[in-house]
Amino acid sequence: MVKQIESKSAFQEALNSAGEKLVVVDFSATWCGPCKMIKPFFHSLSEKYSNVVFLEVDVDDCQDVAAECEVKCMPTFQFFKKGQKVDEFSGANKEKLEATIKGLI
């Protein structure tokens, strides 16, 4: 399951409550074509990797979160462990997304 983040406090709470689990954050926008293309794959990964926390942040709805995380383009995927960012990449690259998850869990 992918959790939609609607505020900066909800983002912090999601990172904190994840504990030791890997957190994968998809920063996207409704008007972004590549974001729409990879979204179903991102959701399928959330079912495949049930021990990983998947979050979605709409950069237009949560500009403060996007700014704090220094998101420059969409989609951007950021990976967190224990509240700290451990990896990041931009672009709708399905293979890289799954490989990064596998490498971090």
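Cβ from N, Cα, C; glycine included.
Sequence annotations record features per position, and here Swiss-Prot assigns active site, nucleophile to CYS32 (among others) based on similarity to another entry. DSSP gives CYS32 (active site, nucleophile) a coil state; it is part of no helix or strand.
In this view, CYS35 (active site, nucleophile) is surrounded by 21 other Cβ atoms within 10 Å of its Cβ, with every protein chain counted. Residues or ranges marked as active site, nucleophile by Swiss-Prot: CYS35 (among others).
What Swiss-Prot records for CYS32-CYS35 is disulfide bond, and it gives sequence analysis as the kind of evidence.
Swiss-Prot lists 2-103 with the feature domain 'Thioredoxin', giving sequence analysis as the kind of evidence.
Marked as N6-acetyllysine by Swiss-Prot: LYS3 (among others). In this view, LYS3 (N6-acetyllysine) is surrounded by 16 other Cβ atoms within 10 Å of its Cβ, with every protein chain counted.
The Cβ neighbour count for LYS8 (N6-succinyllysine), using a 10 Å radius over every protein chain in view, is 15. Taken from Swiss-Prot, the feature N6-succinyllysine applies to LYS8 (among others).
Take the CB of LYS39 (N6-acetyllysine) and look out to 10 A: across all protein chains shown you find 17 other CB atoms. DSSP classifies LYS39 (N6-acetyllysine) as helix under the three-state reduction. According to Swiss-Prot, the N6-acetyllysine annotation covers LYS39 (among others), on the basis of similarity to another entry.
Other Cβ atoms within 10 Å of the Cβ of CYS62 (S-nitrosocysteine) number 22 in total over all chains. In the three-state DSSP scheme, CYS62 (S-nitrosocysteine) falls into the coil class. The S-nitrosocysteine annotation in Swiss-Prot covers CYS62 (among others).
Its own atom aside, the Cβ of CYS69 (S-nitrosocysteine) has 19 Cβ atoms within 10 angstroms in the protein chains shown. The annotation S-nitrosocysteine is assigned in Swiss-Prot to CYS69 (among others) on the grounds of similarity to another entry.
The Cβ neighbour count for CYS73 (S-nitrosocysteine), using a 10 Å radius over every protein chain in view, is 12. For CYS73 (among others), the entry in Swiss-Prot reads S-nitrosocysteine.
Other Cβ atoms within 10 Å of the Cβ of LYS94 (N6-acetyllysine), summed over all protein chains shown, number 13. Swiss-Prot lists LYS94 (among others) with the feature N6-acetyllysine, giving similarity to another entry as the kind of evidence.
The N6-succinyllysine annotation in Swiss-Prot covers LYS94 (among others).
Long-range Cβ contacts of ASP26 (site 'Deprotonates C-terminal active site Cys') within its own chain (separation 6+, distance under 8 Å): VAL2, CYS35, ILE38, LYS39, PHE42, PHE54, LEU55, GLU56, VAL57, PRO75, THR76, PHE77. In the three-state DSSP scheme, ASP26 (site 'Deprotonates C-terminal active site Cys') falls into the strand class. Annotation source Swiss-Prot lists site 'Deprotonates C-terminal active site Cys' at ASP26, citing similarity to another entry.
In the shown protein chains, 9 other C-beta atoms lie within 10 A of the C-beta of GLY33 (site 'Contributes to redox potential value'). Taken from Swiss-Prot, the feature site 'Contributes to redox potential value' covers GLY33 (among others), and the record attributes it to similarity to another entry.
If you take the C-beta of PRO34 (site 'Contributes to redox potential value') and look for same-chain residues 6 or more apart in sequence within under 8 angstroms, you find MET74, PRO75, GLY91, ALA92. Summarising the annotation, Swiss-Prot assigns site 'Contributes to redox potential value' to PRO34 (among others).
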Original post:
Between CYS69 (S-nitrosocysteine) and LYS8 (N6-succinyllysine), what C-alpha distance do you get in Å?
Top reply: 11
Original post:
Within 10 Å of the Cβ of CYS32 (active site, nucleophile), how many other Cβ atoms are there?
Top reply: 19
